[in-house]
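S.K.: Straight from Swiss-Prot, here's the annotation block:
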COILED    36-63  coiled coil
DOMAIN    65-131  domain 'PAS'
DOMAIN    139-193  domain 'PAC'
DOMAIN    218-440  domain 'Histidine kinase 1'
MOD_RES   His221  phosphohistidine
DOMAIN    571-686  domain 'Response regulatory 1'
MOD_RES   Asp619  4-aspartylphosphate
DOMAIN    747-1010  domain 'Histidine kinase 2'
MOD_RES   His750  phosphohistidine
COMPBIAS  1013-1031  compositional bias 'Low complexity'
REGION    1013-1148  region 'Disordered'
COMPBIAS  1042-1146  compositional bias 'Low complexity'
REGION    1266-1285  region 'Disordered'
COMPBIAS  1313-1346  compositional bias 'Low complexity'
REGION    1313-1350  region 'Disordered'
DOMAIN    1359-1483  domain 'Response regulatory 2'
MOD_RES   Asp1412  4-aspartylphosphate
REGION    1500-1546  region 'Disordered'
COMPBIAS  1501-1526  compositional bias 'Low complexity'
Amino acid sequence: MQDISTTTASTNYLKADGDTGAVFSITSQQQQIHYMRKQKPDHEKTREELIEEINHLRAVSNSNKNARIMLDEMYQFVALLDVNGNLLDVNEPALQGGGMIRSSIQGIPFWDCRWWATSQENIDNVREAVHKASKGEFIRYETEIFGKSAGTEKITIDFSLMPLFNDKGEVSLILPEGRNITEKRLGELEIERKNNELRSLYEKIKELDELKTQFFANVSHELRTPLALIVGPTDKLLKDENVDINVRKDLEIVARNARGLLKIVNNLLDISRLEAGKMNLNYSMVNLGQTVHLIASCFEILAREKSLDFSIITPSEPMMAAIDADKMQRVITNLISNAFKFTPSGGAVKCILEKFDLSPNKPGFQIVVSDTGPGIPDNLHEIIFERFRQVDGSSTRKHGGTGLGLSIVKEFVTLHGGTVTIHNISTGGAQFTLRLPLTPNMDEHLYKKTISDQNISEIQQQLYQQQQQEQQQQQQQQQNLQQPKLILNNIDNKYKINDDDNDDDDDDDDEDGLNFNILKKTNTSSDIASNALKDNMGSIMGVHAIAQQAVEELTEKQFYQSQENIHNKPIVLVVEDNPEMNRFIAELLSKYYFVVTAFDGVEGIEKTRAITPDLIVTDCMMPRMSGDEMVEQLRSDEQFDNIPILLLTAKADENLRIKLLQNGVSDYVNKPFSSEELVARVVNLMTMKKAKQFLQEELSSANTDLQELINQLTNKKRDLQTLVGELEKERNLLNNTNKSKDEFFMNLSHELRTPLNGILGWCQLLLYDIDSGGSSGGGSGSISGDDSTVRTGLETIERCASSQNQLINDLLDMSLIIGDKFSLILGDVDLPILIENAISSILVTAQSKKISVHSNIQGEGEEESSILRNIVGDKARLQQVIWNLLSNSIKFTKEKGRIHLNLKVVNQIPSREVLGFCSNPMFNTINRHGDRWILFTITDNGKGIPKQFLPSVFDRFKQADCSSTRSYGGLGIGLSITQNIIHLHKGAVYANSEGENKGSQFTVVLPIIKGSSSSNSSPSNQLSCSSSPPLIKKPFFSQPTNYINNNNNNNNNNNNNNNNNNNNNNNNNNNNNYNNYNNNNSNNNNNSNNNNNNNNNNNNNNNNNNNNNNNNNNNLNINNLINNNHNNNNNNYHHNNNNNNNSNNNEKLGKRQREEINNNENNNVDLRLRTPPPPPTSSISENFLVNSSNLIPSPALNPINNNNNSNNNNNNIGDIKKINLEISQIPSTNLNPKLSLVINNNNNNNNNNNSLLKTIITNAINNNINNSNNDDNSNNTTIPTPPSSAINMINSLPLPSPSPSFILPTLSPFSSPLSELKSSSNNNNNNNNNSNNNNNNSMSPNLRSPKANSNKNLLGGIQIMLVDDLEETTHLFSSMLYKLGAKRIDTFQRVSDAYAFLCDSSKPQPDIILSDLTMPFEDGYSMVRKLRDREKINTQNKKTPIIALTASVSSSDKEKVLKSGFDLHCSKPVNFLELSNSILTLIEKYNTTVNIDLIKEQEQNNNNNNNNNNNNNNNNNNNNNNINNGNDDDSLLLTDSRPCKKANSQ
């Protein structure tokens, strides 16, 4: 008890001192207890004792600390338990592995800790182990615990519990330990798994080996049976003396090869038995000397044939041994035959038999066989005895064999307990040494299993007695020997077959099926030999048979002897190393061919070169050179490349066959083969050879003839080359001519257009003066506007010049077609609009000839109409096609004729509608462009086309009447151009006529390709001002804002959206939008708007409301044309006439936006306003009426449902945000292109302020329809229907030209007022009737002259620079541009002068530059290049727009112009109105600004001037559509958001 308490106190002390409360060293603890027992009380201790005690305690404390450090650093698990199993302490690695804290587990049972929580079984095992350890038992076992990753992973430990005893031998503490053996355990498991796999694989291999052995045994047995049936009958026939000698030779070959095959089968069977461990030995007493002599005697003849020195050395006395005679005979025979095989002629072979003691107590013998052959390399001495191993295993080895002979020798010798070795002789050759015991060793385990004789001990005793007797006989020198007795178990006869072996021993027989027996010695050795020859012939014959077969294999066979080829048979070369196979093949083929033989590849090549055979039959594996090597070498020689080769191979390898065929082998035959197969293949190859040879001879003969032809062709080729050279010169000349022609056309265009420019320009200028009532030059030479003769003359000049310009354009188009340079620029096309515009362009000419034009072009149904209005094509070229066809119909139709136009969509082209001659014979309606088509047909009842001329109607320059008396002019290129345009659209044109004076019909067929966008054309910006037949662009309005439904009402259009509130300070906005299309005989439009308000701001559309102190803004929205036979428009206007009224008539378009850009082939911008054509469904003839009050647009512009009833439309129209303007070419005589709607408003004391007009009026009406008697209730009654009214209206319609046009970007006139066209006001007195009746009834595509009244101030405030080398051109341009309102024009005839002016900062800089391209010294390109370079260098300079003036119209030239830096391209002759609009557009584009304050001031002045002109008491309607009303108002309107610059008036 004292010890325990002491131990506890010591433990507590250690806890306090060590901070860990653990006891680490049991030894130090016990020493401390023992030390404390011997201590005195402290008061009895001396100073030295106290110091000693303190030092001792310090040492113990340090020891405990060191122990703690060592335990915590240990990798293994260590703890300390009391005898009850409670945990006292544990090292740090154990705590970390279990994820526990020391303080939480101290004092608890050890098995309740986290480590053992893997399973309840584990906890129970630990509890049981602790219980056993507390009784003093050491416990150790492997277990799994939670010991890794803070107690989350299991590990395997080698766990032990060691009890610790006190001095009394009692267990005081328990020490648990654990070593992590997880990896070791995993390794053991992996090793166990691998071992199991290896065990399984071994068993599998063992099983496969057994199966293989069994297979060899079965195959050997199966082979031996047919071989026995071959050998037996063959031997029987050979014994027959009546057999023919040739047959006997064949039978001998069969017997010989059968025995050889039997030997191979026996060897394979022996190998299988050896592998299976089932090879048994049949021991018998054998006289070794006699056996060796018998075997050697078989080789004596062979030795003489090969001139070999063959010697046999044996002991003089008999040497008896207990061996397996059969196997030993095979061993000796194999060694001797190998020596003969590898020893060359003249060499030596020696066989020595002698006694050799294997050990002092073990007598034996050795047989040494040596030769003088090549020997065996030292590195092969060990492996030469392996199975299938050969010194030379290649396909070119000289000696054959399977490689089993030496392997079987070693196996048989080893079974006898002997050894076989090999070494090379210093003089050359190899030496094999066999060493075997005379008697078998029964103590060895090997022979217990393999020896079959159970009485071998008796044989040993007999052999000993025999040796003793022989020694005695030698001493006595007796001549006769006593024969020993036979002692055999279970044998009664003297010579009996030993049946003591197993059943498998039957397979150990030799090739002849004989067994050797052990004889009991009763006589002398000589008697044994004689009796063996007499009584046991089987054994002796067996030895002789084995040796004789080996000799036969080595004996050279008889070769085939070739005879003389007296019959000139085809030669066959047979290359085969086996003499018998060589001879067999040669004799087989000699019946048909002359055969020559060779025995290896080298000899085969030599004989091939000597005789050049017709066919080669060769083996694959031969000595010196294999068959495939021989083939490869022959094929590399062109001389023998055509010789067919038949290859014989014993390898059934598919890859080898493919390789041989690739290397040039003609055919191959697998061994074994039948004679019929071999002959058939040889005959086939020989037949093919003969056929090939015959064809080659024929070819050679033909080559002779061909050579003559070649010579002739060579001469002709030489002549052709000469002609080709001349043609090349002609071609170059033609190319130069074409180039010169193109240059000529360009120069011609320039030279012709330059004078035309002057003619047309001055015509425009003079007509401008006539319209304005002024003069061209001022002074006395004034031209009166009333002089109709002068006007007629000028218009005639203008018309003729325009016709000349169109002729130039047609010729240039034809030049492009001929040069294959004609192309299209595709975009969205609205076909009905194109047709309507074309009809409008020919309307005057049709009326002059009283021709009625009917059309049906809108399509049936909404879907078809949508398709027709959105197809893909070249708009400009399609317009040209329509205009050409329509103008031809007008030309060739007599007066009062009829023309009908029809447009529709079809799924299939009906043959009844598409008649006549097709312009494209290859045209096919079933193609990849789609299954829907557009048919456009123009039918007339005119002159017609003669039947004989119909096929030539589309030929260029062809005309039906080419005589000098023809009635119709033209060049005959219009229809040719038409067909080329349609062909480029993948369509066709059909021309049909029943004959002369029976009318004609032209049908255009186009595939439908729907459009995807509104602008698919080239982005180039080019302006074309040239005149040509009408090119119709898209309508002015791309979409309507309001869709108007026409209902059946009483023909009243009440468009009053007015809130009339009779209160002060009210705003009454009356917005009346006239967008009505009336197709009725009579329409009464009554518009009554009476608004009387004080201090009100009334915005009334089409209403003149004059109130006291009112500001009336009358916003006119006029977008309409009426095509009615009789239209009665009653407009009741209630005018309150007061002084000082300020009427602002602002004409607005409503919520319509024009945002489309129409791109044509040459991308010219058409900024000219155009009035849509009349409705296509009406008859455009003499019944064409116009009323100026209500102008109704074409259905193409506004999709209105026409129910042939009156319209009741209530529409609220807003302000326009964008309008796109277009520039195109205007035919002159048909048109009076007024760009403003002039309505005569005659009011008394009214100020008409028409400023800030944010609109573009789409109708140009140049006639004031008689509106007399305008009272307060003004009634614009129905206008009579004189043709002059219609003609005057049509004359005001500006028509575009079909010439290609470049398109400008979208222009917004309300974003910048420079794009807004100005209108002029005609202020007249009461009851004035102003009718400008310009009746031009002839069709002529002329450029129209600008009208003075409407365009006087069109270019107000613009400064222009003009560069042209011709003085008359600069004079013309400056004169006309000044009249159009230009502020300043600086003209230069050289680029250098113009550029110097631009660089002078003191000079006024132009707003725009007009430059000719063709000028001396420096051209227009130099001008634009200098200008753009200057702008790039000095970015502060504003960019100045520049327009190119050129007479060239080719696409390449136009593209070059735009790429060079020009902004637009204007072709000569110039339409000055369009040029002016282009100038305004470009200035707007470059953000040119004008002082808006000045504009407002000038507008106020203009209003005052207008008030002074209206001093009558009558009610007149003055609707002025001009931005600037006054004489000198040249300012330009801008939006309020832009900066302003003041523009001085000219």
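Using the three backbone atoms N, Cα and C, a Cβ is placed for every residue, glycine included.
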S.K.: Using CB atoms and a 10 A radius, I'd like the single residue among the modified residues His221, His750 with the highest neighbour count.
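M.R.: Compared across His221, His750, the most Cβ atoms within 10 Å surround His750.
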S.K.: Report the nearest neighbour of Asp619 (4-aspartylphosphate) in space among the modified residues His221, His750, Asp1412, comparing Cα positions.
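M.R.: Going through His221, His750, Asp1412 one by one, the Cα closest to that of Asp619 (4-aspartylphosphate) is His221.
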S.K.: Could you measure between Asp1412 (4-aspartylphosphate) and His750 (phosphohistidine) for me? Cα positions, answer in whole angstrom.
M.R.: 11
S.K.: Pairs of Cβ atoms less than 8 Å apart decide it: which stretch in 65-131, 139-193, 571-686, 1359-1483 has the most with the domain 'Histidine kinase 2' (747-1010)?
M.R.: 1359-1483
S.K.: Counting by DSSP, what is the helix, strand and coil composition of the domain 'PAC' (139-193)?
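M.R.: Secondary-structure composition of the domain 'PAC' (139-193): 12 helix, 33 strand, 10 coil.
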S.K.: Rounded to a whole number, how many Å is the Cα of His750 (phosphohistidine) away from the Cα of His221 (phosphohistidine)?
M.R.: 112
S.K.: Between the domain 'Histidine kinase 1' (218-440) and the domain 'Response regulatory 1' (571-686), do 3 or more CB pairs sit under 8 angstroms, pairs being 6 or more residues apart?
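M.R.: Between the domain 'Histidine kinase 1' (218-440) and the domain 'Response regulatory 1' (571-686), which are separate recorded stretches, there is contact, as judged by 3 or more close Cβ pairs.
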S.K.: Once the chains shown are all counted, how many other Cβ atoms turn up within 10 Å of the Cβ of Asp619 (4-aspartylphosphate)?
M.R.: 26
S.K.: Test of understanding: give the count of other CB atoms lying within 10 angstroms of the CB of Asp1412 (4-aspartylphosphate).
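M.R.: That number is 25.
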S.K.: Across the whole of the coiled coil (36-63), what does the mean pLDDT come to? Round it, please.
M.R.: 75
